[in-house]
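Participant: Following this message is one structure expressed as structure tokens.
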Amino acid sequence: MGGTAPVPPPDAHLSGPPPHETLAPSRTGRVGEGSPMAHRRSRGRLGTAGALAAAAVVLAGGALPARAAGATAHHTYIVTLQRGAAAESGHGRDLVERYGATVRRTYSRALNGFAVRADEAQARRLAADPGVASVTRDAEVSLRGTTAATATQPYPPSWGLDRIDQPAGAALDGAYTAPAGGGKGTTIYVVDSGVRTGHRDFGGRARSGWDFVDDDPVAQDGNGHGTHVAATAAGTQYGVAKRADVVAVRVLDDRGEGTSAEVLAGLDWVLRHARKPSVVNLSLGSAIAGPVPEWDAAIRAGVRAGLTFTVAAGNAGRSAGSFSPGRVPQAITVGATDRADRRAPFSNWGPAVDLFAPGDRIVSASPTSDTAAATLSGTSMAAPHVAGAAALYLAAHRSATPARVSTALAAESTKGAVRNAGRGSPNRLLHTGG
């Protein structure tokens, strides 16, 4: 099937010095996975090792690390405005530019604010403005080491499909059975490294939304992570919801690197363009303990708008409640299991996890050709199993709210099946029926 031999997890990492600094004014105020394909993109490294995504380090009282004192270098910051000033209005932009900052992106749905270019002094003055809720230094997202390795589908290529349609205690039976509708009429938005939309496994059901790396409408995948995720959710051979549509939103470059600002831009685009019923899969998560409040807020806004979010619990082998976006209760947070129904050793755990799903040595599509496959491991692979299951449910219950989808998947899950689920974890393994 063209899969590559798996290597040990974890599957994705963030690298560099403290990335996600929230600046506080000195006065009292509110504070706020890589393949060598196509072109490459260079950025300064701003993260720390961990699971895929951006980290949050809150600076209290406006104190800066010694390394940053007196710095005049320009950086990208995420600016969130107070409710009284709309980012899309001239007033909102004027407020930001008043302090010498340059607006790079405007967010209207994911959050009310901007990504701006500014030096540290400008950022601090901006943070002190009463019209500003928070100013947070952008963080780099980096994929490092995602590990390679009543229609019935006989001998599905991935054991994960075989597992999720089995009743409690049943062994794998060499088949995957799902509702005949296969999620038709639903859309899964994959916010990731892009998707090889022409891959045969999508059968013409995948299209590009937007590429926020190159700022163009072709969200092709030069890394592999996004194509694998998308096909796990909705591929004809590899996927759970075999008739759902896929929209690729690219926020990671060919090396699997990006920034929090680009992730937010992708989420903002989805909130403005999504056609319901739909599911948004975000196989990203914060790299160190601590929230990324802008991500959390964007997901909550999406859920309020009626979009079901499936998110990876993270691959640090720690409590998912310490990481964004897995900590967001309105999202469906997914941990990973192996073929023996054990919690994968890399998978995060705890009360923030809603479901477990197959995530170890999963075979799915690869962007190296229109027929290629790859074997990857991570909670990034578990989440799209649940995204596909959510699409199956939404196809039959088109007006279901995200909360109802989450409740239905939890109710249908196989209880007590996960070995060593982790302290406080709900012992629920994804089950699609069959």
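Glycine too: its Cβ is placed from the backbone N, Cα and C atoms.
Not my notes, these are from TrEMBL:
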- 1-20: compositional bias 'Pro residues' (COMPBIAS)
- 1-43: region 'Disordered' (REGION)
- 76-143: domain 'Inhibitor I9' (DOMAIN)
- 183-416: domain 'Peptidase S8/S53' (DOMAIN)
- ASP192: active site, charge relay system (ACT_SITE)
- HIS225: active site, charge relay system (ACT_SITE)
- SER380: active site, charge relay system (ACT_SITE)
- 415-434: region 'Disordered' (REGION)
Participant: Over the span of the region 'Disordered' (415-434), count residues by DSSP class, listing helix, strand and coil in order.
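Facilitator: Secondary-structure breakdown of the region 'Disordered' (415-434): 0 helix, 4 strand, 16 coil.
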Participant: What is the interatomic distance between the Cα atoms of SER380 (active site, charge relay system) and HIS225 (active site, charge relay system), given in whole Å?
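Facilitator: Here the two Cα atoms lie 8 Å apart.
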Participant: Within the same chain, where does the region 'Disordered' (415-434) have neighbours whose Cβ lies under 8 angstroms from its own Cβ atoms, ignoring anything closer than 6 residues to its ends? I mean 6 or more beyond.
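Facilitator: Sequence-remote neighbours of the region 'Disordered' (415-434) are 150, 152, 163-169, 176-179, 240, 319, 334-335, 337, 340-343, 347-351, 353-358, 385-386, 389, 392, 409.
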Participant: I need the CA-to-CA distance for ASP192 (active site, charge relay system) versus HIS225 (active site, charge relay system), whole Å please.
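Facilitator: Computed Cα spacing between ASP192 (active site, charge relay system) and HIS225 (active site, charge relay system) is 7 Å.
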Participant: With DSSP helix as H/G/I and strand as E/B, how many residues of the domain 'Inhibitor I9' (76-143) fall in helix, strand and coil?
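Facilitator: For the domain 'Inhibitor I9' (76-143), the helix, strand and coil counts are 17 helix, 28 strand, 23 coil.
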Participant: Please give me the CB contact count at 10 A for SER380 (active site, charge relay system), counting all chains in the structure.
Facilitator: 35
Participant: Can you tell me how many other Cβ atoms are located within 10 Å of the Cβ belonging to HIS225 (active site, charge relay system)?
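Facilitator: A count of 31.
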Participant: Report, as a single number, how many Cβ atoms besides its own are within 10 Å of the Cβ of ASP192 (active site, charge relay system).
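Facilitator: A count of 33.
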